[in-house]
Ligand code: 2NE
């Protein structure tokens, strides 16, 4: 069913046999799939590959095993100014993964079993959709462990579930079960653990039946509202992409290449 596309140490990067669905799995179950700089480096690499692969239409982000989706930053390698990797440099580079998930022009689905906690909770939050197993647990721990995510972890969370609930989650650091998460609008659906992957693949297959360009434009349109000028950049990039595909735009290019005056007179000014 799954074919490995590239070997990594901290994650797995696989695709279905037809190449249409990619699955990126954080593979550190011994620490509840906490991420260290190496994990983040690999996630960025895999998301770059998935972005560039025109066969892939949907991406599943998940964690290895039934106990955790992701437990956030690896506290055991947290140093003075961030999480310290093999090069000794402290980093908070998970924020780059959050940006990549939002910017990639294909739906990303978080498939959550067990804990999605701390930075792991923000990761599911920034995905387009979340399918939760009935054993899933959600929450932030920042104020308990001396951390916080004041970026998408606050503003985007509040957009999704409202200011009161977002403040409750951050200030109290409680853990919420799958049904509570569904009631808050934090996740799209809850299914029995043993059906989690089947159900997620079903959602992927439904999405794959639809127009890739429509999905691409919708994702950037839904992002634009929250993402300011960078959101408009992606939305407008899609407008340019569509314009490049038109005869009108091709006339401008051809005229330049052929060293003649462009003739736009045949293109209507549609009201
Ligand atoms: C995830 C949770 C609730 C699981 O609890 P439980 O009881 O199922 O497992 P346990 O025994 O706590 O954990 C199993 C092993 O995983 C390690 C534990 O230390 C333990 O290993 P041993 O000590 O027995 O060898 N482990 C779990 N989470 C880890 C982590 N994040 N880093 C390193 N090791 C971890 C429970 O384990 C839990 O609450 N974990 C901590 C969650 C947390 O506070 N995460 C960091 C939030 S801050 C963050 O992610 C962040 C940010 O705020 C801003 C920027 C970037 C990152």
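Glycine is no exception: its Cβ is also placed from the backbone N, Cα and C atoms.
Here TrEMBL flags 32, 71-75, 83, 115-119, 141, 147, 244, 259 as substrate binding site. Applying an 8 A CB threshold to same-chain residues 6+ apart, the list for residue 32 (substrate binding site) reads 63, 67, 68, 70, 71, 114, 115, 117.
Sequence annotations record features per position, and here TrEMBL assigns site 'Important for catalysis' to 83 (among others). Within 10 Å of the C-beta of residue 83 (substrate binding site) we count 25 further C-beta atoms, all protein chains included.
According to its DSSP assignment, residue 140 (hydrogencarbonate binding site) is coil. The Cβ of residue 140 (hydrogencarbonate binding site) has 117, 118, 121, 122, 149, 153, 169, 170, 173 as same-chain neighbours under 8 Å, each 6 or more residues away in sequence. Taken from TrEMBL, the feature hydrogencarbonate binding site covers 140, 141, 142.
The feature site 'Important for catalysis' is assigned by TrEMBL to 244 (among others). Residue 244 (substrate binding site): 11 other CB atoms within 10 A of its CB, across all protein chains. According to its DSSP assignment, residue 244 (substrate binding site) is helical.
Rounded to the nearest whole angstrom, the C-alpha distance between residue 116 (substrate binding site) and residue 142 (hydrogencarbonate binding site) is 13. With a cut-off of under 6 Å between the Cβ and any atom of ligand 1, the binding-site residues 83, 116, 118, 140, 142 reduce to 118, 142.
If you take the C-beta of residue 74 (substrate binding site) and look for same-chain residues 6 or more apart in sequence within under 8 angstroms, you find 28, 31, 34, 35, 36, 39, 83. Between the C-alpha atoms of residue 244 (substrate binding site) and residue 142 (hydrogencarbonate binding site), the distance comes to 46 Å. Listed in sequence order, 34, 35, 117, 118, 119, 120, 121, 122, 141 are the same-chain residues at least 6 apart in sequence whose CB falls under 8 Å from the CB of residue 72 (substrate binding site). Of the listed binding-site residues, namely 118, 142, the sparsest CB environment within 10 A is found at 142.
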